[in-house]
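Taken straight from TrEMBL:
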type     : residues : note
TRANSMEM : 7-24     : transmembrane segment
TRANSMEM : 167-190  : transmembrane segment
TRANSMEM : 197-217  : transmembrane segment
TRANSMEM : 232-251  : transmembrane segment
TRANSMEM : 263-286  : transmembrane segment
TRANSMEM : 292-309  : transmembrane segment
TRANSMEM : 316-340  : transmembrane segment
DOMAIN   : 420-552  : domain 'GGDEF'
Amino acid sequence: MKLRSIILVLLLYVSLCLILALLIETDYTNSSYGSSYLKTEAGLNLEELVKRNGMFQEMQENQYSLGYFSEDLWIRLDIPQDTTGRVLEINKPAFALTDFYFPLNDGTISHINKSEKLSFRTQSTLIPENISFNKPAYIRLQTPLAFNFELRFWDVKPFMTYILKDYIFFGIIYGILLSIVIYNMILFVILKKSSYLYFLLFGLGTILWCMITYGHIELFVTIPGVYQNRVSLPVVSLIWFNFASFMGSFLKTRIMTPKLHNIIITTKIMAVILCFLGILGFTNAGHLLDTALSYILPPFAIYISILCLKKGFQSSFWFLSGWLLFLVGTVIYALAGGLIPRNSLTLNLFASGAALSSLLLSYALADEVRILQSENSYLNCKSRSLKKISLTDNLTRLHNRASFNENLKREISRARQIGHPLALIMIDVDLFKRFNDTWGHLEGDKVLMAMGPLLSQGIRDQDFACRYGGEEFALILPGTNKQKAMETAERIRKKMEETEFPISCSDEIEHLTISLGIAVYIDIDDILTLTERADQALYRAKNLGRNRVCSS
């Protein structure tokens with residue numbers, strides 16, 4: 001089972017990577033290498049910038065990886081002559097400020113700002129047809145996030161194809177995440193279990209973070225650059241807090257690993273602090289705390305899930321698999337543009353890892369429900385079995401006295417409500433005490449054991465054959481009138497009369513008879529009066545010579 005599960009997880013992840021590989025864009029020209037950049041104070045205009053042309057540094061890599069800083073970043077770029085009418089793209093959505101400045105042939109400057117870009121997913125614009133190739137173009141960028149990006153030139157058609165594939169991919173990702181959130185919301189409403197609430201809030205946080213990071217939030221609302229961290233840090237805190245809460249609830253850390261449960265409480269406190277740091281604008285401290293959580297929670301989650309797996313909690317395998325995928329996607333996203341190349345595969349792996357991990361974590365919840373249902377089914381089956389044992393006579397395997405009282409009370413109530421007939425037959429083995437005294441209790445027990453199949457085979461499935469006590473038996477016959485009860489009683493009497501009882505310690509064969517008394521339910525009857533009338537009919541049969549049927 002575990003091997004098949006591991007293979008399934010690997011196949012899912014490999015399939016996802018293959019799909020992402022199809023998104024890797026190749027139909028563009030990288031123009032980062034050879035461009036120049038300069039960090040300046042905020043508010044510097046183009047005229048003042050041109051005076052600092054000698055201060056620009058040439059980019060020696062194919063991508064910008066400059067990290068975090070609060071200053072504006074200016075890029076100076078020579079536009080090749082074959083790029084007229086093409087698209088210039090900066091492949092990062094989260095810029096608070098983006099200004100393109102293109103020199104034109106008439107000596108003026110074309111200024112294109114962030115609001116005029118071609119796609120909200122990237123900073124992109126069409127290069128003017130009348131651009132001057134004798135002067136450089138300038139780009140001003142400002143972001144509270146890391147300055148990691150590439151400069152690219154595209155033909156229009158491949159660029160639009162790339163954007164379309166990007167839309168489809170993220171439509172699938174958000175569809176998966178949103179369906180998981182709705183699924184867990186329904187389960188929480190039905191089952192009232194905290195694990196589902198924590199997970200749906202974790203899913204909502206993941207959706208919001210992806211929308212902010214990948215730029216889709218601009219479809220609904222524009223967040224000013226200075227407030228991006230004040231929004232993103234509380235969203236990150238929502239993810240950390242609810243993941244820690246989900247982990248504690250799902251893995252039952254308070255019970256399974258009580259000594260480690262305090263770490264979960266600590267991370268939740270840190271997540272709350274992170275939220276307030278973001279809201280109050282202490283973004284540097286917030287980033288440090290977020291980094292600390294990133295170092296603490298992932299390895300701890302892996303360690304604690306392995307411990308729970310070793311202790312026999314099978315659902316923790318899916319928790320471990322889901323969290324590993326989430327962690328892999330996060331690490332690769334963080335390293336993109338640094339230690340590993342920056343492309344659609346590495347940038348989108350976080351979103352795909354989040355979606356796939358959410359699927360696996362949801363499966364973990366479903367697996368937990370399945371295990372609980374299996375345990376409940378076993379307990380219910382065991383309970384029914386124990387109840388059946390408690391209501392069954394050990395010797396004859398018929399219903400015992402407690403079951404007789406329960407079933408007769410229920411059938412009387414039903415007969416009173418619906419108005420259908422009900423018959424009760426009381427049976428006594430004739431001269432059983434003398435037989436017992438003559439041949440011993442073991443032979444007597446054989447007679448009582450034989451009464452079980454004799455009575456059960458002589459009635460219908462909806463009828464009840466009971467051992468009333470000692471050598472007395474009873475038949476409860478729902479939907480049976482007096483005539484049908486007489487026929488049933490007579491058939492059983494004859495069967496008993498024909499039955500032979502060989503004696504183990506002798507060559508003799510004994511024959512025994514039974515007397516039967518019938519009472520049919522009337523409106524004034526309860527369990528006592530109906531049983532009493534059947535008993536009176538039984539005594540009458542015995543007084544008349546035994547081996548006969550009488551009715552009240």
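Along the chain as shown, the residues are counted starting at 1.
Quick reminder: no glycine exception, Cβ is built from N, Cα and C everywhere.
Annotations in TrEMBL come from automatic prediction, not curation.
The stretches the transmembrane segment (292-309) and the transmembrane segment (232-251) are in mutual contact, each linked to the other by at least three Cβ pairs under 8 Å (pairs 6 or more apart in sequence).
Counting same-chain residues at least six beyond the ends of the transmembrane segment (197-217), those with a Cβ under 8 angstroms from any Cβ of the stretch are 93-94, 120-122, 170, 173-174, 177-178, 180-181, 184-185, 188, 223, 228, 231-232, 235-236, 238-239, 242-243, 245-246, 249-250, 348, 350-351, 354, 358, 361-362, 365.
In the domain 'GGDEF' (420-552), helix, strand and coil residues by DSSP number 58 helix, 37 strand, 38 coil.
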